[in-house]
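Accompanying notes for the structure given below.
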């Protein structure tokens, strides 16, 4: 029988960290959960009061899970410091299981002076509806204090390496595809928690002025429908938004465009090959040449998926970008310019609007008409 790792340890070996915190979304034979924690009093730049590691087996009794071990220790320690407010941070190899997630939510509800931030390397059973609901319950904010859950990126892995690993002063060396796996998990967690976009982010990036400066990011909102009895049925669990990854962010040396990040995550949806699906994207910029080529390849290789793209603006509509849009349309994608109807739909669906209605900006319809004419000319190979 394997030990239950009752006592916390201060550090782990390098191979142990690299093996157990490897962030490939689908991973087998990682049955030990490692939970690195830091506890500090609330306040800016306060040093941690305690920082150690709990371990536990995935399939052991609940009380042996590292999350429960932490709260068993913390509850006893908390009795001596009842009036103090604390910030707790976890860096954990697997996100908590369903039962642990519910127990964590209960603990936080009963002790509002404790806030918890959870950085996870991988998501546990992210496809299970009951687990998704448990995560949403844990992370909801409006009914009281809850946890904040995020996916570990390069900075968190580097921090754990320095704080919890026998690093021998060696620098953390990220494994192949760490940034790509981070983005996949980040998108999937956003779907589960139903993240919403800030209103200023939407209005700034989706403004459809004909000539804009300083809009270097591409935002992509998406939703998926399945054909059922000749009717398109919206799949609520398959909608969200993402943006491109800038160079040197999250470990990407060269950056990655939003459309490619989106294509990366679709295989994890496990769409039924015998069903028909319609994917609709609302993008702040139309795809560049390379992204258009990749999207064309995708729909050519996945005949059960149709693609509709509504763009707020046309990206660099000269030369190869025009060619890319024509290639994408020829492959079967429907490409259109966003109008008031699509802007309002995105506002209602993807933005944390707090009940405020969509307010169109000056010139929205005029800009949409002008851009629609330009797009028609491009797709008809007439130039400007």
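Placed from the backbone N, Cα and C atoms, the Cβ positions cover glycine too.
Marked as region 'Essential for cytoplasmic localization' by Swiss-Prot on the basis of a curator's inference: 1-60. Here the region 'Essential for cytoplasmic localization' (1-60) returns a mean pLDDT of 81 for the predicted model.
The Zn(2+) 1 binding site annotation in Swiss-Prot covers 65, 97, 100, and the record cites sequence analysis as its basis. Taking all protein chains in view, 22 other C-beta atoms sit within 10 angstroms of the C-beta of residue 100 (Zn(2+) 1 binding site).
Positions annotated as region 'Necessary for homooligomerization' by Swiss-Prot: 209-336. Secondary structure counts, DSSP: the region 'Necessary for homooligomerization' (209-336) has 36 helix, 44 strand, 48 coil.
If you look up Swiss-Prot, you'll see 214-328 marked as domain 'CMP/dCMP-type deaminase 2', on the strength of sequence analysis.
What Swiss-Prot records for 257, 288, 291 is Zn(2+) 2 binding site, and it gives similarity to another entry as the kind of evidence. Cβ neighbours of residue 257 (Zn(2+) 2 binding site) (same chain, under 8 Å, six or more residues apart in sequence): 218, 244, 287, 288, 290, 291.
Annotation comment: Swiss-Prot describes 313-320 as region 'Interaction with DNA', evidence class a curator's inference.
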Query raised in the report: In sequence order, what residues of the same chain, 6+ apart, have a Cβ less than 8 Å from the Cβ of residue 97 (Zn(2+) 1 binding site)?
Result: 58, 65, 124, 125, 131
**Report entry** residue 291 (Zn(2+) 2 binding site) CB neighbourhood, other CB atoms within 10 A
**Finding:** 24
**Report entry** Remaining residues near the recorded Zn(2+) 1 site, that is with C-beta within 8 Å of the centroid of the site residues 65, 97, 100
**Finding:** 33, 56, 62, 66, 67, 68, 96, 98, 99, 101, 103
Report task. State the count of C-beta atoms found within 10 angstroms of the C-beta of residue 288 (Zn(2+) 2 binding site), not counting that atom itself. Result -> 18
